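Per TrEMBL, the features are:
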- 9-147: domain 'TmcA/NAT10 N-terminal' (DOMAIN)
- Gln175, Arg344: ATP binding site (BINDING)
- 195-361: domain 'TcmA/NAT10 helicase' (DOMAIN)
- 395-514: domain 'N-acetyltransferase' (DOMAIN)
- Ile492, Ala493, Val494: acetyl-CoA binding site (BINDING)
Amino acid sequence: MNKPWDDNQQLHDLLAAVRASQHRLLVHFQGSSDWAKVLIEEWFGREKPLYLDSLPPRRVRQLLGTEQQTLVVDAWKGFNPNMLGIASPTIKAGGFLIVITPPLASWPQYFDPDYARMLVDGEPLSTISGRFVRFTGAILDNDPKVLRVIEDGAQTQLPEHSWPKRSSDARFFDQRTAIDAIARVATGHGRRPLVLTADRGRGKTAALGFACAELMQGENARQLLVTAPVYDAVACLFRHCAESLGIVFEAQRHLTFGHSELVFMPVDQILSERPLASLLIVDEAAAIPTAHLNALSDIYNRLVFASTVHGYEGNGRGFALRFQDQLLLSYPQTRQMELTQPIRFAENDPVEAIVNRILLLAGAASEAASESAVTGLSQVDRDQLVDRPDELAAIFNLLLEAHYQTSPDDLRIMLDHPDVSIWVYRQQNPMGGGSEVSGVVLLMREGRFDTSDCDLLSRSQRRFRGHLLPQSIASIGFSEALPATFFRVMRIAVSAEYRRQKIASTMLTMIETQLTQDRDSSPSSARSGVFIGASFSCDRSLLGFWQACGYQPVRLGVSRESASGQYAAVVIKSLDDVAFEMQKRWRKAFHHNLGYQLLTSHRSLDAAMIPLLYQQSPMDLESLDTDVVHQLNAYVAARCSFEVAAPCLQRALVFWLSCADCVGNCPEGLIESVALLLQGQSWHSVAKNFDHSGRKAVETKVRRFIAGIDESIADNILQR
């Protein structure tokens, strides 16, 4: 320990060394907020520190692409993991990340204001643990590269770290190479897409903006098209492009320079309108559904796909697994490039390393085996997990790899939320040395509202934070869901090397068994019904997985989610008789409503997914009679037109779908029949969407499909 600086000479020497090294310094003040702010003003006042708590979350996100000299995170005002992840990469070389916390011994007991984002309204802060800050405090306390200043005893602990001098010239080599590669996609041979990946703070989006500016200043007119999950993700691109062109930036989505244009469009608009483009740039591609990326690559042949590997609001590591291999099949000359050099500071920066350790964004999933020989599924003790950082990193990095939306906030929720449980599946390590994590499930308990809250919710006078499943079901008229107990699968992930081994379905089955046993030991919880379920951006593969595990859809969102471009689906599985009876009613209502929705709000739904939605639907066989069979026969034999037979064909199709297994079976002509009969699409649209020459080609497939189901329907009617 060192005494406080008397003449600030040690401070000046340290800060000078940090600047010369092109690195940044993390300064940790342990003590009261007022005390720390006095010292910050004295030591760093000239740097004009920016206090993150002075900015609303949206303003913090707008820091992306900017440079800051000194940032202050005051944990007394709330320690927000996402905001730390967003803001810390903006600190430039020679800058400072200052963290103010209560004394480490008492910090886990402090009621962090940020906890309010996790709690149901009215729930006391004391229900949340301080595991995440205990984990963070241990890192801050033990990292030798941290400057620590402690109020109690006025102690100062200098970082045990050397600060070698470095040149700043090399920092821009990666970015310049990327700019040239982006421009070459537009100016060189076609059908050679570029996949650009980078960690945070590598200047990826800025490189895209600089490249657009260079292309727009060229002799040829360029129509440059940009898309991303939301405009905010590429505002930095447009700002750098505008500034390079001498245009005042005012958050424009359309820049013009000479005869060239740079335009932002949402993905769904591009797929609908198919505008011409000299180059299409897809930023944060990991957050866009793979089906949409495939569709874009079918329309355009000059493409740049960019993605952040370890993002502040999500993760792009799974992007390589989900999409790049498919892209290579269509475009074998696809080029891949990763930006590794930080743009604002030198490599091996202490602040970046510490923040990555706190947020568990340090790299690939841990492959370290546990000393335990235990295999199979078990619920993790979260108090013990905080003291096993390698296992915690293995679990969280598996979630990062599998789910692009996994963010630093999820780490805090995973550790601290009172209603979350962590279930881990372990396999014997083939290299020996114990077991390793191969699967993870995060489970959230929801529902169990009391009578007064049920009354307020059912009359739409209140909505509670969280409780996604019961409130979603209640919103369509089933208030009996509110007092029921729901266990929502927030995340389910399996390590890449263990996929296709039914580990995910095995984990769900084992969790269901355990929950059923817990229900039997606590009869009061089962009085209102017990369910397990999930809500997810619905595509055919995910819906097929959940249905294969015995889960049934009871709700489909009426509009597409902005982040995924898909409709949100709610699937559930009853775990007792009370829940089973409720689920039957909800399923019946779902299918009664689905017919209308497919002709209105869900007319653009992927037709290949509709057969799955009708699986095991509670259809009334009495609605079919021998007249339906006669009508089907007449159509198959071309004795009547499609327009005349359509009402009977529609009823027959819905009945057949309710009985057929369409998860792994899709007869020829089924999807065209669904689009025509259930979504009311025109012959022209169906021919265009499914690559047929016209009505005649489509109807040939439809008639052949109807002939195939005619016999099974006739058998069912005769057996009544």
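The backbone N, Cα and C atoms fix where each Cβ goes, glycine too.
Quantities reported herein were computed from a predicted structural model and do not represent experimental measurements.
Each of the binding-site residues Ala493, Val494 was scored by how many other Cβ atoms lie within 10 Å of its Cβ, and the smallest score goes to Val494. Residue pair Arg344 (ATP binding site) / Ala493 (acetyl-CoA binding site) shows a Cα separation of 34 Å. Counting other Cβ atoms within 10 Å of each Cβ, the binding-site residues Gln175, Arg344, Ile492 show the lowest value at Gln175.
Counting in whole angstrom, Ala493 (acetyl-CoA binding site) lies 34 from Gln175 (ATP binding site) by their C-alpha atoms. Note on the domain 'TcmA/NAT10 helicase' (195-361): mean pLDDT across this stretch is 90. Gln175 (ATP binding site) is 34 Å away from Val494 (acetyl-CoA binding site) when you measure Cα to Cα. Following the DSSP three-state reduction, the secondary structure of Gln175 (ATP binding site) is helix. Summary of the acetyl-CoA site environment: with the site residues Ile492, Ala493, Val494 set aside, the chain residues having Cβ atoms within 8 Å of the Cβ mean position are Leu398, Leu399, Ala402, Gly439, Val440, Val441, Arg491, Ile503, Ala504, Met507. The two recorded residues, Gln175 (ATP binding site) and Ile492 (acetyl-CoA binding site), show a Cα separation of 36 Å.
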